[in-house]
Amino acid sequence: MNKADSAWQLTATTMVCLQSVPGLVILYGSMVKKKWAVNSAFMAFYAFAAVLVCWVLLAHQMSFGAKMSPLLGRPGSALSEKLLLGQSRRGLVPVADFVFYQFAFAAITVILLAGSLLGRMNFYAWMLFVPLWLFVSYTVGASTIWGDGFLERRIIDYAGGYVIHLSSGVAGFTAAYWVGPRHSHDRQNFPPNNIIHMLGGAGFLWLGWTGFNGGSPFAAGLVASLAIFNTHLCTATSLLVWVSLDMVFYRKSSVIGAVQGMITGLVCITPGAGIVEPWAALLMGVMSGSIPWYTMMVLHRRFAFFQSVDDTLAVFHTHAVAGLLGGILSGIFAKPALLKLMYPDTTYHTGLIYSFSGGRHADGFKQMGIQLLGAAFITAWNAGATSLICILISRIVDLRMREDDLEIGDDAVHGEEAYALWGDGERMPKPLRLHMHPRLPYFCRQRF
């Protein structure tokens, strides 16, 4: 095994974990209305812990263990010393590195999904939803595309454009349909409670993506370096394009819009970060800053279907749309030489544009067909599995909070509030001095 690769892998894993805790905890807690700050942040915090326990007990082996079916590995634990200290089949690192890195991916997927449900989901229902969705939905996507499933040696998904982002966007939108909308007043007026903290959480997300895409080769080498460079180039471009469109059409540069443009850039480059050239990453940034902007700011307002589902943080547009876009563009721009570096032992084809110059038109179109097939499968599976999970949970507890609790927010759910300022909502007892009549000193009474 290689100590340098292992050291980089542990560093990359820590960066991915920081995207969730504290990154998305801060982002969610500050991007919502004040009365939902604690609940939103705690949904992410709870999911991070719950996914880790479920991951090592069953989910890791279901995703990456011995093949049980074309969709799933054989359930089992990832706790034995013999397993964890052996060499991973992905790079010259211990299995423990691989298990923990993949946990970080699983955790952030569930937390991203939560962005669609903020401000109304019953926390007890969320506690049940997290492990059920991990076992039934996420493991199938991870096994199918990364874990020796029927798409693994065919589809291009470098670091999770489909496994993580398309699945979280589709599942979040589906769950939002079943849970129902926020309180009517919240849906009409839902301002961030702290924009500066929101930018801080977004910063953790952006910089943490260095580990997200840089750690996927499981080696501190050429592919990781290119992936990191492409990631930040695409993200910066996407942010600038989104802000520019806001300024052209709305005459104002929205900070929330800048964060959304940052996220769509990160998501779009993920499936192709280490296998496309920088000029392609730049072009992907232009498209990720414009196409999701159009679907969110224009199409969303025109179609009753989108209006009928209350997707709190627009996860469908920032993750499902951007993830699908990234998967398709990766099939177009993937360079054969970089594919061989990343996947030396597989039968990957070539990006569509390179197939024309090499006289391999059929391979290029075949790759695009596989990319579309993978997107269709992930979409259908997550929509179906998430619906079944929500229906099952609804038979046990209410998916949505009671209307009275929705009016109150955090204090009704957790008995705590985010900002306990002095005198905020409290009735302070009157000072004792106000109940006393002034008494003149003895010498004053003598004189007057």
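Each residue, glycine too, has its Cβ placed from N, Cα and C.
Just so you know, TrEMBL annotations are computer predictions that nobody has curated.
As annotated by TrEMBL, domain 'Ammonium transporter AmtB-like' applies to 7-419.
Per TrEMBL, transmembrane segment is recorded for 6-29 (among others). Within the chain carrying the transmembrane segment (6-29), a Cβ under 8 angstroms from the stretch's Cβ atoms is held by residues 37-38, 40-41, 43-45, 48, 91-94, 97-98, 100-101, 104-105, 107-108, 111-112, 114-115, 118, 197-198, 200-202, 204-205, 207-212, 214-215, 218-220, 224, 259, 313, 418, all 6 or more beyond its ends.
According to TrEMBL, the feature transmembrane segment maps to 36-58 (among others). A Cβ distance under 8 Å defines the sequence-distant neighbours of the transmembrane segment (36-58), meaning residues of its chain 6+ beyond its ends; these are 17, 20-21, 24-26, 28-30, 75-79, 99, 102-103, 106-107, 110-111, 114, 117-119, 121, 123, 126-127, 130-131, 134-135, 186, 193, 409-410, 413-414, 416-419.
Annotation comment: TrEMBL describes 98-118 (among others) as transmembrane segment.
Feature annotation from TrEMBL assigns transmembrane segment to 125-147 (among others). Using a Cβ-Cβ cut-off under 8 Å and counting only residues 6 or more beyond its ends in the same chain, the transmembrane segment (125-147) has close neighbours at 43, 46-47, 50-51, 54-55, 58-59, 62-65, 70-73, 102, 105-106, 109-110, 113-114, 117, 155, 157, 162-163, 167, 171, 175, 179, 374, 377-378, 381-382, 385-386, 388-390, 392-394, 396-399.
Below 8 angstroms of C-beta separation, residues 105, 108-110, 112-117, 120-121, 125, 129, 133, 137-138, 141-142, 145-146, 212-213, 216, 227, 267-268, 270-274, 308-312, 315-324, 326-327, 330, 374-375, 378-379, 382-383, 385-387, 390-391, 394, 399-400 of the same chain, each at least six residues beyond the ends of the transmembrane segment (159-180), sit close to that stretch. Residues annotated as transmembrane segment in TrEMBL: 159-180 (among others).
What TrEMBL lists as transmembrane segment is 192-212 (among others).
Under the heading transmembrane segment, TrEMBL lists 218-243 (among others).
What TrEMBL lists as transmembrane segment is 255-273 (among others).
Residues 229-231, 233-242, 244-245, 249, 257, 260-261, 264-265, 267-269, 272-273, 306-307, 314, 317-318, 321-322, 325-326, 329, 333 of the same chain lie 6 or more positions beyond the ends of the transmembrane segment (279-300) yet place their CB under 8 Å from a CB of it. TrEMBL lists 279-300 (among others) with the feature transmembrane segment.
Summarising the annotation, TrEMBL assigns transmembrane segment to 312-334 (among others).
What TrEMBL records for 370-393 (among others) is transmembrane segment.
Two recorded stretches are said to be in contact when at least 3 C-beta pairs lie under 8 angstroms, sequence spacing 6 or more; the transmembrane segment (255-273) and the transmembrane segment (370-393) fall short of this definition.
Highest Cβ pair count under 8 Å relative to the transmembrane segment (312-334), across stretches 98-118, 192-212, 218-243: 98-118.
Residues 9-10, 12-13, 16-17, 19-20, 24, 28, 32, 36, 39-40, 43-44, 47-48, 51-52, 55-56, 59-60, 63-64, 78, 84, 88, 90-91, 126, 130, 133-134, 138, 142, 160, 163-165, 167-169, 171-173, 175-176, 179, 212, 215, 218, 311-313, 315-316, 319 of the same chain lie 6+ residues outside the transmembrane segment (98-118) yet bring a C-beta within less than 8 angstroms of a C-beta in it.
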